Every structure is written in C-alpha cells, then in structure tokens.
Amino acid sequence: MSRVYNFSAGPAAIPEEVLFTVRDELLDWHGIGMSIAEVSHRGEEFIGVAEEAERDLRELLAVPESYHILFLQGGSRLQFAMVPMNLLANHKKAVYIDSGVWSNLAIREAKNYCDPHLATNAKELNYTGIPDQATWDMPNEAAYFYYVDNETVNGIEFPFIPDTDLTLVCDMSSNLLSRPFDVSRYGLIFACAQKNMGLAGLTIVIVHDDLLKRSPLPTTPSYLQYALHAKERSFINTPPTFAWYLAGLIFKWVKNQGGVAVLAERNQRKAAKLYKFIDKSNFFDNPINPTYRSRMNVIFRLADEILNSLFLKEATENGLANLKGHRLLGGMRASIYNAMTEEGVDALINFMGQFEKRHG
C-alpha cells in the first residue's frame, strides 16, 4: 500500500494509526459482531463511545465543568446563524473582526439577525495581518465578540486571545487541538471536525452554562437552540455517530502523542521550517505578516504563475496531494494540521527546492 502526503484543507488528513484502528474495528467493533456505524445511538455501546469522547476532549483542553460540550450535526457554517440566534438575546449589536473569508461570511450571515459592529477590518491590510489591537473600535456593550482564530483561505492565525470584557465567541474550526489555550476566556467555541478531528458532518461546540440561559430569538427553530442540545446531551435526534466515534479515536491519538502541548511544538516546527524555506527562496512567496502567519495553512505563490499547473502536476506525481490554493486566492496552500507528519513537510520542502532548481 502506498499513501500520499495529503495537504488538503478539509476534509483533511487523518492520522494513519487512527485509520488502522477504524479498519480493524469496522466489521466487528469490540467483539459485538457489528460495526459501530450500525449500532443504535441510544444503545450502551455508542453511549459509552460518546461519553468517553467527551471526557477525553474535556481533559485535553482542560474544559471547566461550567461548560457543556456539544457534538452537533452540520458544519461550522451553520454556527454563523446559530451564534446570533442564541446569543443576541435583547441586544441589537454584536462585535466582529473581519480577518478573512470565513469571518466575512459569518458577518454576512449575522446581518440577518443584528447589526454587526466591526472592531477592525484586515481588508485594509489586504488580509496579510490583523490591525494593531490598540486601533480597534470596541463598544462598551454588545451581545458578544466574534472572531475566527485561523483563516484557512487567507493563511492568517491569531497569535493572541483578544482582550475584551465582552462574551468572547471563537471559530476554531481549523486549529482546535493544535495548541493549548485558556478555555475559560471564552463564552463559546465551535469547530467543525474535518480539519483536526476527523470527518465532515460533525461540529463541536463548547459553551459556558451561563450562555444557555439566554433566550434565543423567537424565530429560532428548536433544533438550533444550544440549550436544548445541552439538555439532551447532543441526543435530540440521531447524531452523526460514526463521525463522533472517529473524533473519539483522534482524541485518544492526541493523548497518546503526549497531549496538545506536544502537538503544538510539532506544529510550530513544521510551519517554521516551511516558512523558512519560502522566505529564503526567490521563487516562492508568502505575503502574510510573519506575526500572523498560520501554523495550519501555509499559502504561497510561484514567481511565475504560468508554472502553477506544472507544479501541481509534478507534486501529485511525487506523492504530494491537494496543494492547490483556494479558488478565491489561487496559488498554493499546504494545510499541515495535526495529522501531517514532519516527514511530509520535509518531503514538500525537498520537492519545492528541486522544482525551483529546474524552473527558477
């Protein structure tokens, strides 16, 4: 069997050890004569899987007991609506940062429910960084403060937690479990699973109990109410059981790697060596302010964009898959989430060096 290095932005690479476990358990999970994909979501087998996954995630992120962890259907984009629906309460205003494609989409969705107030807009920097926090326009009152921790398309990542007294809401879809952080600084965190936690179709929400007491907007469907999901422990209806099971396996894998702090060091090394190569090159370029460069999604361009197709073709032939940049930006993008090995990054750097020698 020959596997490639998969640099896809999502669905993304899954640790091989996890895939081997899935393969071994797929037909007969723990000797019950069935796949975990076939069991009842209310049976003791899956309830055990679900509870263990939640315990492991709570341990990995040091989530306080004053927070609920929800395992919900749908992608992060659904949260663009669920957040204002559930958290606005009597407020007319919510604060947002426009840092790139995904925050911009969240702002557009929020306009259906409130008046999004822009604290700052990275567009003025051509989305190559975040304006200095001292320049942000921060109101004294608002329902919440929303930002995207890592912009997968633009290749921007926050190196700090914004300083605010407002309820902090964060989209961590592409970097949850990639570095330690203080959960207690946040009111609500959400992340889709297909970057660092497995399969598309599952989104994890970590929400403080106090926010569950806010009254949703009157038009909010019951199925989109956080409080109801919390009350039913994410079992209002049949949850995405296989995605939940796989996320649990990945949580075990993270623990076996030594935890989130160990992965953070590895992620920093991977990103640093790739950026170092790009910065030394006259053939490849990354436009992002080094302070805000993403550790998860490294975007780069070739000096001669006519060579883009050839670069992608030869990369694929050399076992380096899914390096094409997002359709909105073009160029290249190497997504190096937790599951990407250092060997994979080294292989990419080696190929880029050889390609530059041939065509630079």
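Cβ atoms are placed via backbone N, Cα and C, with glycine included.
Since this is a predicted model, take the numbers as computed values, not measurements.
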Per Swiss-Prot, Trp102, Thr152, Gln194, Asn237, Thr238 bind pyridoxal 5'-phosphate; matching candidate in Asp132, Asp171, Asp210
Asp171
Tell me the Cα distance separating Asn237 (pyridoxal 5'-phosphate binding site) from Lys195 (N6-(pyridoxal phosphate)lysine), rounded to the nearest angstrom.
25
Residues with Cβ closer than 8 Å to the Cβ of Thr238 (pyridoxal 5'-phosphate binding site), same chain and 6+ apart in sequence?
His41
Compute all pairwise C-alpha distances among Trp102, Thr152, Asp171, Gln194, Asn237, Thr238, the residues listed as binding pyridoxal 5'-phosphate, and give the largest one in whole angstrom.
31
